[in-house]
Protein chains: 2
Amino acid sequence: MEEVGSATTTTTAGGAGFEPLEVLEFAVNTKQAAIEWMIAKLQAPADKSGADLCVSAMVMQHNQETVLFIGGSTSRLLLGAEMMDMMKEYKDGNQREFTVEDISNFRGGENPDMFLTMAEKQKIIFRELENIRATDSDEYVPGYEFIKLYQGRTIVKKLLSADLIKNLFPIHDQEFLKKMGADWYKKPVASQPIEKIQHYFGEKIALYFAFLGFYTVALIPPAILGVLYWITSWQNLYREALFAVFNLVWATIFLEAWKRYCAELAFKWGCMDFVSTNSEEPRANYHGRMGKNPVTGKPEPVFPKSQQYMRFYGVTVPVLCLCLTVAFYAMLGYFWLQAKVDKWYLEDKSWLNLFDTFMPTVVYAIVIAILNAIYRKVAVRLNEFENHRLQTSYDNNMILKLIMFEFINCFMSLFYVAFYLQDMRLLKSHLAALLITTQLLGQIQESILPFLFHRRRANRLDKAMSKFDTLQKVEFYNGEVSTDLQKQVSIESTMDVYNGTLDDYLEMFLQFGYVFLFSSVFPLAAVWALLNNFTEIRSDAFKMCRVFQRPFAESASNIGAWQIAFEVVSVMAVMTNCALIGMNPEVQKLLPSDITAVNIVIVFVAIEHLLLAVRVSVAYFIPDVPGWVEIEMAKIAYQSKLALQKEQLARNLQKKRHEDLELNF
Amino acid sequence: MEEVGSATTTTTAGGAGFEPLEVLEFAVNTKQAAIEWMIAKLQAPADKSGADLCVSAMVMQHNQETVLFIGGSTSRLLLGAEMMDMMKEYKDGNQREFTVEDISNFRGGENPDMFLTMAEKQKIIFRELENIRATDSDEYVPGYEFIKLYQGRTIVKKLLSADLIKNLFPIHDQEFLKKMGADWYKKPVASQPIEKIQHYFGEKIALYFAFLGFYTVALIPPAILGVLYWITSWQNLYREALFAVFNLVWATIFLEAWKRYCAELAFKWGCMDFVSTNSEEPRANYHGRMGKNPVTGKPEPVFPKSQQYMRFYGVTVPVLCLCLTVAFYAMLGYFWLQAKVDKWYLEDKSWLNLFDTFMPTVVYAIVIAILNAIYRKVAVRLNEFENHRLQTSYDNNMILKLIMFEFINCFMSLFYVAFYLQDMRLLKSHLAALLITTQLLGQIQESILPFLFHRRRANRLDKAMSKFDTLQKVEFYNGEVSTDLQKQVSIESTMDVYNGTLDDYLEMFLQFGYVFLFSSVFPLAAVWALLNNFTEIRSDAFKMCRVFQRPFAESASNIGAWQIAFEVVSVMAVMTNCALIGMNPEVQKLLPSDITAVNIVIVFVAIEHLLLAVRVSVAYFIPDVPGWVEIEMAKIAYQSKLALQKEQLARNLQKKRHEDLELNF
């Protein structure tokens, strides 16, 4: 059997025309030496440690900014797809890792130019950009002796962090956007075009929208129940308890059902982990001395695990503890101040003092905003410092850091009111205020502001239009760029950068907490959440399509640490709701009158343990992966096993024949 | 590439001599027609739906029992090894599934006669025996029209359950036994020869002994601490609490560490699940209409999952609930009677009444013994009725059924004393009595009785010796059986049958519960357990080697549902110990004197939740599989993936060439 060489094969040379896929914009005043050096790296063939891409450079007349339009030949892109183990649909309907040699057996492989989608091409080029690493002759960025380069580290990330590259983004596909938008944010009630979203934005963002949609639908039953409780006079003493139990079971089922749906989507998209993550490529920013992957044998940086642990436990944990303590004391300070001011007001009910009663809240809000800004910077630094090998573990650790802080900010105060002050009226109003204001603020931030920005951008468009003729061609020029595209890119370069799904998930996470942690106190929370999410889907979709630069498609097989975060909250919800109901004097009246206070507590602790046991068993007995996906995956694993056996056998037979031949001589 | 055909290839015809591997003993008076029919099935070639094995039949003169010595030619056995996907060591040191064609590349493959171990050969033959299934012409067992046969069902199991086959066992390997015994039960302090045990008894039994050894070593630290507490006067009020917390953390670490060690063993033995269980062969007793496996495509019985669920929830669950309720009421009845009798005795302290105070315990013990016997029969029936596809799921469901019943019998009474009666003195004495008596009884059952039996067997040996010449050859005779072996088999056929690891694990499980559930009350429990296990290892080993017929080797990659059972107990231990410590008046004195009773409870509930959270996180953060095993597994998965790609490509190229050729004509 021959070795499957890949680097040498080329399919239909891609000279059909230059398709610009990504834009790289240098900052004003970037030295020409650095720009030319970068362009040379982009264009140089692979054997000269270049990316072998097509580049057309232009200069904006009014500010002398250099803009690079980057593309690649079809054969270059297909090779890139093979190198990154891209999953494509095989003719038998399964998702397989693409290889150039086997292209004719992939669906659509007859026409190599049209084989890859635009998003896929952009993903390939992005990876190639990241793979431009400093060689031993690159000591610093030409023209910038103070920007040191280290052999093997990604150059593009360095230039981005040094602010020499101002913008790096894939170009939007206006036609596809229009089609997708019509099915998505323009329809008030309809399921989202998840496949299209995955096609255009990649799995990570598609999973966010799938989750958002799934969660919104899951909110309908609790919302209906909440409304029923609210409008009917049908009231009895068990109602809070019943509602809470329903919510707990419902939250568990929802989270388990989501896992199954998510597994289905991931399997369909071919991004289910078959092989361990040990064989995945490391992140661009992962560094260490060069070694090789223990599984695949491919060269990659190696960073000792022990040092990673040391960094985490020695640096991250103490710093985080400090930050969380500060946040906690800020909260305590707020309650102390509020109590003091309230007392003053009770003593002297003047207008001035009434105004003062709002002061602590305002001060706290400002303090939180400042702390939050600082904390996020620190968290990103720490996370980068921990040097995670995989994007997923980087993301998960970032999520963990964020959640801990936000949990203290958002929920600790509710816990304080509920269990220390034990003031149910205050809890209800505090909860309602938090839920409704955060949602209103969120809506303004995500719907109204984007709409205004969109307006402003339309105005900018006119200005930009008048500037095109000033775009100047420069010597590095691999192909023509149409004026329409030049126009489009000029607009897109002024758009905001999408910061990833982190904040979007965080919003849902906090909402989930508000709705389920205290559902026995405020059953209407689900209604508010439902109303909010209904518009949230549309405004998030609009934001993705019209407000932000197109993000790079990232793959993901699940929602990562968020799943665990939601599950932890659903477990905590069992505890908080049992405690809240147990504290309710109305409920206590239901128990036999001769019961002691201690026994009341024990009864509710027993109920809580029972519910926790139910929760654990439900989660255990619902399989995380639907039956058909499991069987399909087992099929692939089984076939792989047989293929390995066969290959081994063939290789051994060949070796033997070889030895026999040698013996004969 | 050629298809890897297996059925046609034969390596060195195995005519070196007949090696009897297994013995099948018919009951006295079994009709000759049935015996001859069975022998014919055993000897018939595969294409006549026979097992293609070698059989030598003999008749015992004194009772006319027919004994079959069963063996197989080397090529037959190797083929069987391939059919059952047996894992063998490849020349590169890895475990691979054996194929006849590739034999020369497996370690020891140069000598096919010696390639398989005796245990492996016996396992293969047993599988072949199970695979003798009724054909459409077999309506009933010849000579027994009332024993109906159903097409596709295993004949041997049917004959066993109809008591026509009295004994079916693999023959012991005296030489190996002697060697293994010297390293095992004859050494008072030494690690067990786990590899040898796996080699001789198979993975399932080897894992039991590995677990027993691991658990015994893990008991040392709590035992030392327990002794220290007991002998020193160093006492303070925190001691129970400290000891309990130590035990909880220790139990968690032990269970996690065991998982890792178990994964290592399973990987070394090549029985780690790479592929999903969907591709495994079904149990011999699994029945349904014939269909094919959705993953491998091999023919196998198919039984709808929905019906399985219906049987479980519709029949098993109600019956079990009934049984458990009866057991629970028996326990309540015992306590009620005991209280009554104790009162009588207090009223009239006569000798007769003192005697009466022991009556309830005796009655309860008898009732439990009867209930237990009935319950076990019911449980086995139900488990068989549920028709599990895999041996592992059959075993796990059996374990579950057993544990629930034993839990009520053994622990419920302790819970009753601890939390309903809240009598710590009674709890301590009850616990000590339970622990020590069960262990003493166990030791008698497992050490002293076997020794006596062994003696008796030695006497039988003499008797048997005088009977050999009476063993009569009959017409079905594939080879000579040495007199020594005839002698040995005569003895072995009188030995007890090993009932599987179920009861051995159960003993450890109950002990684990006694030690950890109430460790804050009775710290010396660990010492007793340690002492017991120390001899337990030896007596169990002796039992396996000298008391029982050799069991069939079964493979297993972990201890199955026992892992979960131990984990559940370790979680419950957190709850019980927190409650016990919280109820301790000495501990309560430590808290601020102005604390209310309600707040004491809340404090201990909070501590309990904290400990549970610690337990969950420890379990979450310790990986279940050691790093090196994970990497080795990833390597195999990665190579399989590459091989599948390569194979697919080769197949497609061939197809294309074929099509091109056809086009040319």
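Cβ coordinates come from backbone N, Cα and C, glycine included.
Sequence annotations record features per position, and here TrEMBL assigns domain 'Anoctamin transmembrane' to A:197-635. The feature transmembrane segment is assigned by TrEMBL to A:205-231, A:237-258, A:312-337, A:357-378, A:399-419, A:431-453, A:512-531, A:561-583, A:595-622.
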Hey, which of A:205-231, A:237-258, A:357-378, A:431-453, A:595-622 has the most Cβ-Cβ pairs under 8 Å against the transmembrane segment (A:512-531)?
-> A:205-231
Which sequence positions outside the transmembrane segment (A:237-258), separated from its termini by at least 6 residues, show Cβ-Cβ distances below 8 Å to it?
-> 211, 214-215, 218, 221-222, 225-226, 229, 515-516, 519-521, 523, 526, 563, 566-567, 570, 573-574, 577-578, 580-581, 584, 586-587, 589-590, 611, 614-615, 618-619, 622, 624
Cβ-based contact of the transmembrane segment (A:399-419) with the transmembrane segment (A:561-583), 3 or more pairs under 8 Å = yes
Same-chain residue ranges lying at least 6 outside the transmembrane segment (A:595-622) that approach it to Cβ under 8 Å = 245, 248-249, 252-253, 255-257, 260, 567, 570-571, 574-575, 578-579, 581-582, 588
Beyond the flanks of the transmembrane segment (A:431-453) by 6 or more, those residues with Cβ under 8 Å of it = 410, 414, 496, 507, 510-511, 514-515, 518, 521-522, 524-525, 528-529, 532, 535-536, 538-540, 542-543, 546-547
